[in-house]
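J.: Starting off with a structure, shown below.
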Amino acid sequence: LHMIHLHWYQYPPMNPIMYPLLLVFMLITGILCLAGNFVTIWVFMNTKSLRTPANLLVVNLAMSDFLMMFTMFPPMMITCYYHTWTLGATFCQVYAFLGNLCGCASIWTMVFITFDRYNVIVKGVAGEPLSTKKATLWILTIWILSTTWCVAPFFGWNRYVPEGNLTGCGTDYLSQDILSRSYLYIYSTWVYFLPLAITIYCYVVIIKAVAAHEKGMRDQAKKMGIKSLRNEEAQKTSAECRLAKIAMTTVALWFIAWTPYLLINWVGMFARSYLSPVYTIWGYVFAKANAVYNPIVYAIS
């Protein structure tokens, strides 16, 4: 109770119907996420033709999503059943840390997947191909930096506290001190604004490069009096473009999933009078659903 911000005490308990609804949602989402990401990992690790450096990033994405739901799913089921957080202060902090860690690792894995697509499509043969060593280094960098940022609240830079709905825990976005707010400013930039800027830049350049390539192909075909110049290399380029569209869709879905949680944090900092416990549930709903999207998108590919 000492970790719950005074802001939440002004609200009555949530409508009891919200808890079974959230429980059912988490049950469905949890099963789909764990099964989907497990299958993704298993297929990529056991199919020799898929064990490429680029697909190591896909496996890392599936692992971060799997780990997120594996650690979030059971506690959420318990708290929804009891209508409040019953797992203690220490586990509340661990729970929030793991959620932030997996979310951070997920988005930066998507950023590196996007950058790899950029390197392949835009730079082509002039670009340095992704090696297993480089992909492994990228993955290690993702997890080390994500861990560094997410462990900071344990040492006094912000803190992990129960959410207003009391079914989960997250960063403290209601405290007014500059130390707590500075963490949220920098962390929001690190896990949202910077990745978004990099992703938008990469895809703008990719779209321009693909458009220029297609125009060149059409112009050359007209000069030669044929319908198409498509050859094996062109078909390969087309396949790379399809992969880029898949990656772009996945990144877009990730941002749709995490934007509500970002807004909750910023509303909590600057306009908390508008923030009720019920609204904080939407951050959970969208963020947890994100872990289901990725295996579906890559299975289609």
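The backbone N, Cα and C atoms fix where each Cβ goes, glycine too.
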J.: Is it the case that Swiss-Prot assigns Cys92 and Val278 to the same side of the membrane?
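T.: Both are annotated on one side of the bilayer.
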J.: So Cys169 is in a disulfide according to Swiss-Prot. Which of these is its partner: Cys80, Cys92, Cys241?
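T.: Out of the candidates Cys80, Cys92, Cys241, the one Swiss-Prot links to Cys169 is Cys92.
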J.: In terms of Cβ proximity under 8 Å, which residues at least six beyond the ends of the transmembrane segment (56-78) contact it?
T.: 22-23, 26-27, 29-30, 33-34, 37-38, 40-41, 44-45, 86-87, 91, 95, 98-99, 102-103, 105-106, 109-110, 112-113, 116, 132, 135-136, 138-139, 142, 167-168, 284, 288, 290-291, 294-295, 298
J.: Cβ under 8 Å, sequence separation of at least 6 from the ends of the transmembrane segment (279-300): give me the contacting residues as numbers and ranges.
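T.: That would be 18, 22, 25-26, 29, 32-33, 36-37, 39-40, 58, 61-62, 65-66, 68-69, 72, 76, 103, 106, 163-165, 167-168, 170, 246, 249-250, 253-254, 256-261, 264, 267.
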J.: DSSP helix, strand and coil counts for the topological domain 'Cytoplasmic' (116-134)?
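T.: DSSP classes over the topological domain 'Cytoplasmic' (116-134) add up to 14 helix, 0 strand, 5 coil.
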J.: Would you count the other C-beta atoms found within 10 angstroms of the C-beta of Asn165 (N-linked glycosylation site) for me?
T.: 27
